[in-house]
Amino acid sequence: MAGYEYVSPEQLAGFDKYKYSAVDTNPLSLYVMHPFWNTIVKVFPTWLAPNLITFSGFLLVVFNFLLMAYFDPDFYASAPGHKHVPDWVWIVVGILNFIAYTLDGVDGKQARRTNSSTPLGELFDHGLDSWSCVYFVVTVYSIFGRGSTGVSVFVLYLLLWVVLFSFILSHWEKYNTGILFLPWGYDISQVTISFVYIVTAIVGVEAWYEPFLFNFLYRDLFTAMIIGCALCVTLPMSLLNFFRSYKNNTLKHNSVFEAMVPFFSPCSLFILSTAWILWSPSDILEIHPRIFYFMVGTAFANITCQLIVCQMSSTRCPTLNWLLVPLLLVVVVVYLGVASYVESILLYTLTTAFTLAHVHYGVQVVKQLSSHFQIYPFSLRKPNSD
């Protein structure tokens with residue numbers, strides 16, 4: 001299993017023909033962030049590998065998640081009457097979030113600057129982005145938390161899925177059109193949330209208890225922004241791009257079934273994880289919300305990474321992801337009835353298995369592509385130059 005090859009010979013051949021194609025029409029990105037990133041990238045030495053920049057940004061996102069998990073393990077820290085997260089933590093999280101966002105913006109520029117762009121770099125970048133979704137959303141949740149002034153863990157679960165489906169929508173577009181249309185919501189959300197973290201340190205979480213407008217609370221604004229961005233911006237633009245490709249006869253898949261295959265696994269994951277929540281005898285989401293979110297986010301990341309491999313190599317996306325099998329078995333066991341402590345053990349066991357499986361997948365794919373393209377993933381040196 002240690003040397004298992006996830007990328008097929010057909011996919012490796014597809015990577016050889018791959019050409020990057022992306023469209024970014026976001027005014028914030030075009031007129032503010034790109035000029036900023038063009039300046040920042042000049043600070044980096046030319047020997048610094050782009051993938052190292054990508055991975056560093058991802059580690060900062062993970063660090064924020066772990067830091068907030070320490071100070072707000074059950075999402076009650078922002079509720080009235082509870083010990084709040086220290087102000088310095090909000091400042092650190094805000095700064096690191098913006099640095100991570102900046103690193104995610106300059107890694108591609110560093111690749112072009114050093115003439116080291118490869119399909120592996122794009123896969124590595126977008127693959128880590130897919131896992132970052134859950135870290136980002138769950139960390140943001142601590143601003144409002146749960147309780148009388150916050151958002152319920154189930155509502156946050158649904159909001160997490162809105163973000164996850166918004167993310168995979170872009171890669172579904174590329175799977176069908178061959179072009180990656182970069183979503184507007186990403187840049188806006190990263191800049192806004194980085195700012196909100198800093199503001200929270202200055203005004204305190206109590207400021208978010210007050211109505212934003214009339215009886216419309218900030219937590220409601222938070223919810224409305226996520227749903228509104230998905231329904232009013234991300235989804236319409238994706239459908240428009242898909243329709244344009246259809247009109248121009250440039251779709252890569254002719255049947256509706258083949259075009260929709262990338263949604264089968266994430267939809268199945270949503271159905272199974274939601275069924276677990278609804279059938280849980282111990283109310284598992286209320287007891288272990290952070291672990292449950294992480295389990296779902298990790299499984300989603302694996303599903304998305306496999307989709308990205310397929311769309312970059314112009315091969316067929318798997319109909320269903322194998323991680324759904326153990327999840328289905330757990331849901332069946334939960335439905336039949338288990339003790340509370342057994343259900344918790346099942347959740348922790350499944351989460352551990354998903355994490356190990358996804359890390360193994362990522363490591364092996366990077367090894368395969370590094371060997372195929374004869375490059376080092378975290379160095380600009382060539383293997384034959386040693």
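Residue 1 is the first one shown; counting continues down the chain.
Glycine is treated like the rest: Cβ placed from N, Cα and C.
The structure displayed is predicted, hence computed values, not measured ones.
Per TrEMBL, these features apply:
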- 47-68: transmembrane segment (TRANSMEM)
- 88-106: transmembrane segment (TRANSMEM)
- 127-144: transmembrane segment (TRANSMEM)
- 150-170: transmembrane segment (TRANSMEM)
- 221-243: transmembrane segment (TRANSMEM)
- 255-279: transmembrane segment (TRANSMEM)
- 291-310: transmembrane segment (TRANSMEM)
- 322-339: transmembrane segment (TRANSMEM)
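Long-range contacts of the transmembrane segment (47-68) within its own chain (CB-CB distance under 8 A, at least 6 residues past either end) are made by residues 85, 89, 92-93, 96-97, 99-104, 106-108, 110-111, 114, 116-117, 120-121, 124-125, 128, 131-132, 135-136, 138-139, 142, 376-380. Counting Cβ pairs under 8 Å to the transmembrane segment (291-310), the stretch among 88-106, 127-144, 221-243 with the most such contacts is 127-144. Through the fold, the transmembrane segment (150-170) approaches residues 75, 78-79, 129-130, 133-134, 136-138, 141, 144, 180-183, 185, 219, 222-223, 226-227, 229-230, 234-235, 238, 262-263, 266, 270, 277, 285-286, 289, 292-293, 296-297, 300, 303-304, 307 of its own chain, all at least 6 residues removed from its boundaries and within a Cβ separation under 8 Å.
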